[in-house]
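Worksheet: one structure, shown below.
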């Protein structure tokens, strides 16, 4: 009889829950719930378990916020809870609450060639450090290292490092955003809201008034080539994604690869392929040659957060991770 654990991937908007086969890591019966419809994460979990008529002893939930102790307060949601209290209330033997990009990073050892697209570089070097980042509601970042055949995720809040412009155009963008925001982090330009910030800053720096656009509007107009400012914004987004990814690669010499996750880039994949992303990734002056061989991958797996939450839990339970 198959033994299942509960896994979850919770963002600022939705909570995705599923079952993970403990022996194999296979994810099944995934369902997405709107976070606006429930007063707490615990209520969502109880609803899922009731609907699927399943009892579990182990669970791992990935959440889009820092995890620094027993008390968890979500960054982009009103939900807050005690891990110990939730474990007791749900009757679980084992509950892990991890950062969302810890989960995404832990999915990487489970990915097959069919789950990724490569953007330049050569083959990854086995056992070498890995970086993963992704733009969605915010900008998530993590690294992954292999120690004694176990994968260790190094989560952090890398999306909140300073935005570091490296061109005259980016200097103008920073000047506009600094006037509005004060501190300008990388997330302020590499995220859904960040894409809008880029569009607005481009228009304002030209002495004009921007329209009130949503991220979807900027992307659609850019792809339709119906708005020069939107196309400039999307092009700049791709370039800054490349610069940021190159910075991550330098941090830990990630010859195991740099992986991109998140909900934004897959919406304009062909545009991204033709953009200045890879050139910006390698544009590190004296260290250009150092970065040329490092492969970059787009994660195309539909649920890397769930897959990684399961992988994290299974490794805690003593299993070895592989696709």
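Cβ coordinates come from backbone N, Cα and C, glycine included.
Look at Swiss-Prot and you will find 8, 9, 10, 11, 12, 13 tagged as ATP binding site, backed by sequence analysis. Taken residue by residue with DSSP, residue 9 (ATP binding site) is part of a strand.
Neighbouring residues of the recorded ATP site, listed in sequence order and excluding 8, 9, 10, 11, 12, 13, comprise 14, 15, 16, 35, 62, 63, 64, 77, 100, 305 (Cβ within 8 Å of the Cβ centroid). Long-range Cβ contacts of residue 11 (ATP binding site) within its own chain (separation 6+, distance under 8 Å): 35, 64, 76, 100, 136, 137. Counting Cβ atoms from all protein chains shown, residue 12 (ATP binding site) has 16 others lying within 10 Å of its own Cβ.
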